[in-house]
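Undergrad: I have a structure here, written as C-alpha cells, and I will follow up with some questions on it.
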C-alpha cells in the first residue's frame, strides 16, 4: 500500500491511495461555514462522498450522473466514510468550518471502501492543518485520533485480511472494520449473505482486523511526517 | 412486542409488528420468475424495501416520492433487510420465484430497522409456505433458519438492549445485530459516531444482542405456530 | 365503515378509516407559518398527499419513490383531497398556520379516494382543535362545515353507491362526489370512459351520492363526539 | 372561436384552436401497434398530453422539462383530455393502432383545457381518417361521436359560460363539462374551492354547459366538412 | 423567411419566425433583478431556452418533461442561443434586469437553431425597447449590434446555404455561423461527423455564411422598423 | 504534455493525459454489439462521456450524480468528444462493436476538453488494436486518421495557443479546433461571448490551431509507437 500526499494542486488535502491494483483519489475541500441546520452551534461538519469511475472495474458501469440517481451501494459507502471521519475529529475544535472529502475510485480491485477511509483520513488531516496554519480553528487540535480501515473475511473456511477482488467473490463472510490508531473500534460491519458466522469466527476476524489497522496506522503516520 | 400475522388480505405473507410505539407493516409479495440477470440459474431471489410514512415521526418528513429520490438512510436499511432475509433462505430450494418484502414504518419510536427485519422474516416464512402449498418450490424446505434483529447501545456508559428513540439520541454507540434462531450472526453493524468503543464494550453488546435475539426468535415461533 | 381517531401518537390529528377491506391512514400535521407565497396574508393553508403502499392492491406496484416520480393518478387524487379539505375551513380564521394531511392507503378495495377524504376531514378537525387548545387560531371556529365523499357509478345499467373494487372495474360510469354536512356540493367528478351518461343518470347518481354522504356525515359526527 | 385544420405539415391530424386570446395547438400522431399491456387485444389506444409554453401566461413559468418533473395540474389535464378522447372512439374498430394527441398551449387566457379537448377531437378525427384512407382500421367507423368541452362557473352569484381568465380568478365555482355531440356527458368536473354550490346551481351550470357544447359541436362539424 | 412581431399578447417581445416549413416561436420575458451570483454587479443577464414540440418533426418525439431530463442537443442549442444573444447586448447598459428568451420549435424542417437565433434577436430587441420605454435601463442603448445565424454545409461536394432537412441528412459537413449586422463573427460551429473538411472548404462556407447573415440582417431591420 | 498509455489495468485502452496542471484520464471500453437502433447495419458505434471530479477545480463543485442531472456543459463536451472520435474511424470496418470512451478530468487547469479529445484518440486506437488482435474487426484498419484538439483564443488582443485557465478567463474569444493528423478540420467551435471577432482574427486563430494540432499529432504517434 502506498499513500501519496498532495496528488492534487487545488485541494486543501489530497491523497492517492494505491493498494494492490486498487487506486482511490481522496480530496478534502474546506469551506468556511456549516450547513444551515448547524449554524450557530460553534461546531464544524465533515461529509464524504464515494464514487467509482465507470471503467474502474472489469466491465464498464453506467455513470450514476447519467442514470440520474445514486445507487444504494454508493449511498451506503459515502455514509460509512463520513461517519468514520467524523469520529476522528472534535467538531467543536474544528469551529464552524466544513470539510467535504471526495473519494473517487480510479481503479477497483477489492477493498475500495477501506482504502477510501484510510486515505481520506490523511487528506482530512492535511485539510485540518491547512485551517490551523490560517488560524481558522476554534481550538488547536481538532484531530482526536487517526482512523484506518480493513476488510477481513472467511475464504474457504479461513479468516483472511485485506480481501482482494477474486477472494471477495468467494467469501462467505465479509467484514469491514474501522479502527482508531490506538486499536478501538469506530465501525464494525459484518455481513454473511452466504453463510452465517459464529462468535468464534467473529472474534478471529476482529483480531485480524485490529492487527491490519495497526499496520495501516503506521503507514498513515509515515506519510504524514514525510 | 406483538406480531400480528395476516394483517393484509392480498399479500402472500403480511405482519404488523408493534414494539413499544413503533409499528411496522411487513408485506411479502410473491412473483413467479426472477430478475433477468438471474434467469436460468434455478435460484430464487428475495428483495426488501424499507420506507417511513411521512408522519411516522415526531415531526413530518417530506415524502421521498415527492422529492423524487431515495435518501441514503432508506437505501442503507433496505439493503440490510434484504441481505438478512436472503441469509434465512436456501435460494436454490426456492426455485425461480421472487419474493419482495415491503417494510413500511407506520409509526417510529426507535428500533424501526430491527423491528422490520424481525417482522419481515415472519411475512417471508408465510410467503414461502404459500408457495409450498401450491407446489411451486424447487425443494421442500427453503427456509434454513429464522432471523431476528435487535439494537443495542451504550447509554450513559451502560450497555443497553432495544434502544428506544430518546435513548438512541443520547447513545454514543449504536449497534444493530441480526442473529439466526440458533444464535449465530448474519449482520453486525456497530457505529460509534460520538465516541469509539473498545473490545470489552463490543463483547458486552454482542452478548446482550444474542440474548435479545433469542427472545425475539421465541416470539416469532409462537406467532408462526398460532 | 369505521373511523378510529388518534391511531397515531405523534400526529396532531390521525384517523384509520376502514371501509370494507379498504384501510386508509390519515395523519394531519400542523406547522406554524405558511408557504412563502402566502406569507403576510393572515391566512392559513391546507395541503394533502395521497399515496398507496406497494402491496395495498392485489398485485404489488412499484414504489413511486423508487421510480423517482409521482404518477398522474397520485397527483390527481392528492389535489382533489386538498381542495376538498380547504372547502371545509375558513383559512382566515385558521391564521398563518399550515396543515398537511397525509392519506396513505394501507389496503385498497375500491373507494380509496373517497375514504381518504372522509377520514381526512376528521383528522383535520382534530388538528384544528389542537391549534385551538393552544390559542393559535386567528378566530375561534375555522371549520365551516364537514366534508365527506362517496363513489357512485352505473354497474350493469344500475346506479350504485360505494363501488367496491370488483364493481369499480365493471362500472361504465364512475362518479366521485364530495358533499358538505348540509348536502351541498364541494366536488363533483363524473367520468364515462366506457360509455357516456345522460342527464337522467347524472341526476340519479347525484341523488344516491347526497344520501351516501349524509350517512358518512353522521359517522364523522359520532366519531368526533366520542 | 376559430378552428384551423392542418396547421402542421407532418402530423396526421393537427388543429390550431383560437378562443379569445387562448391559442392551443393540437397534434395527433399515429403509430402502428399499441403499448405492451394491450398487445393482442385487437384494440387501439389513445393518449393525450397537455402542456403550456413558458410564456403562454402573463408571467413566465419555468419549463417542466427543466425542473425535471411534471406538475400535478399538467398530469390532471392530460388525463382528462385522454379520457375524453377515448370516449369518442370505438377502440376495437380502431384496431391495434395508437394515437397520441399533443395539446400545447401557445397562449393562455382562460379555458385552455376545454379548448384543448375541443380542438383535440378535430385533430383526432383527421388522424382516424388518415388511417381509414390507408386501410388500416379494423372496422370502418371508429368515431362514435364528437366530444367538445366548456367551462362554466358562478361569478358574482351568476352562472356564466366560458370563463375567461379574469373571471376565472373571481369564480367561486368552476366546472368543466365534456359533452358528446348529442348532448350526453363524458366528464363533469365541478370544483368549489371558495364556496360550495347547491343542486340548483349545479343544474343551472349543467344547462349552460350543454348549450355551450352544442355550439362548439356545430363549429367542429363546420371545420371538419370544410 | 418571414418574421412576425408581437405574435403573443403577454410577452415583452415575441416573434414567429417562418423559414421554409420551419416555424419557431420566440418569446422574450423581462424580470427585474438578476440571478443571485450577479447581484450588485450593476449588470443585467440574458438566458435562452430552446425546445421542440413533440410533433414538430416527421415522427413524434417523447417530451423531455415526461422523460424528466433534458437531452444533450437541447442543452447545447440553448447555450448557443444564449451566448449569441448576450453578444448583442451591453449588459452593463441593461442594468440589473434579466431577459429570458424562449425559442419553441412548432414545426421543424432544418435550420431550427439558426432560425431561433435570428428570431430571438428581434424579440430581444423589443424587450429591451419595452424596458427603455419604462425608464428601466441603466444606459440608453444596450443593444450593441444585431445578430443573425445561418446553416451552411457541403452537400454532394458543393457548399450550400440554409440547409433544409433533407439536405441536412446528406450533408457531410454542417456549420452554424452567427454573425453581427456588420459581418463579424459571434459563433462559428463546424462539424464534420462524416468526412473532414479542408481550409478551402471552410473559407467557402464562411463566405456563404456571411452573405446569408447579411440578408437576414436586412430582414430583421425591416421587421423592426415596421 | 505527456501521454501515458495503459494507466488502467482493466480497460481495453487507457491514457492519462497531463497538460500543464490539467490531468485527464481517458478509458476506452469495448462491448460486442451495438445499440438497438443500429443493429443489423454492419456498422460499429463510438460514444464518449466527459466529466469532472468535484475537486478538479479551484473550488469544489457539486457532483452531477448527487444533483441527479447532467449540466449543459457536460452534455456539450461529451457530444463534441464523441463526434470527434467517430470522425477518426471507419465505422463499417469496426463491425458491430461499440466503444465507449470515458474522459474524467482529475485536475483542471484550462484546456480540459481539448486534452480529453487528444488523449481519447490514443485510448481509442488501443481499443481498436485490442479488437484487431482478437479478430473481431469487420475489416483490417478501421482507424482512418488521428484526431487531436487545441484551444486558441485572443488574450489582450493577441492570438494565443493552448489557453491556460487564467488566460481563459480574460479571453474575449475562445476557439476549440479538432484536426486530423493531416491538418484538415473535424470540428471548429469559436465563441465570442465578450467581443466579436473578424475574419482576420479567425484566420490567425485557425493557423495557430493547425500548427498546435500538428505538434500534438506527433506526440500521439510517439506515444502509440512506444
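Even glycines carry a Cβ here, placed using N, Cα and C.
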Undergrad: A:111, A:112, A:113 bind phosphate according to TrEMBL; which of A:60, A:63, A:69, A:73 goes with them?
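TA: It is A:73, as the record lists it for that site.
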Undergrad: For residue A:113 (phosphate binding site), what is the tally of other C-beta atoms lying within 10 angstroms of its C-beta?
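TA: Around residue A:113 (phosphate binding site), other Cβ atoms within 10 Å: 23.
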Undergrad: Would you count the other C-beta atoms found within 10 angstroms of the C-beta of residue A:111 (phosphate binding site) for me?
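TA: 25, counting other Cβ atoms within 10 Å of residue A:111 (phosphate binding site).
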Undergrad: So how many other Cβ atoms are close to residue A:73 (phosphate binding site), meaning within 10 Å of its Cβ?
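TA: Its Cβ shell of radius 10 Å holds 14 other Cβ atoms.
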Undergrad: Looking at Cβ-Cβ distances, which residues of the chain lie under 8 angstroms from residue A:112 (phosphate binding site) while being 6 or more apart from it?
TA: A:22, A:24, A:52, A:56, A:105
Undergrad: Other than A:73, A:111, A:112, A:113, which residues of the chain come within 8 Å of the phosphate site, judged by Cβ distance to the Cβ centroid of those residues?
TA: A:50, A:77, A:105, A:108, A:110, A:114, A:115, A:116
Undergrad: Going by DSSP assignments with H, G and I as helix and E and B as strand, what are the residue counts for the domain 'Exoribonuclease phosphorolytic' (A:1-127)?
TA: 43 helix, 42 strand, 42 coil
Undergrad: Considering each pair of residues in A:73, A:111, A:112, A:113, all listed as binding phosphate, report the largest CA to CA distance in Å, no decimals.
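TA: This binding site's residues have a maximal Cα-Cα distance of 14 Å.
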Undergrad: Taking every residue in the domain 'Exoribonuclease phosphorolytic' (A:1-127), what is their average pLDDT?
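TA: That region's mean pLDDT is 96.
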Undergrad: Do you know the DSSP helix, strand and coil residue counts for the domain 'Exoribonuclease phosphorolytic' (A:147-210)?
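TA: Its residues divide into 18 helix, 29 strand, 17 coil.
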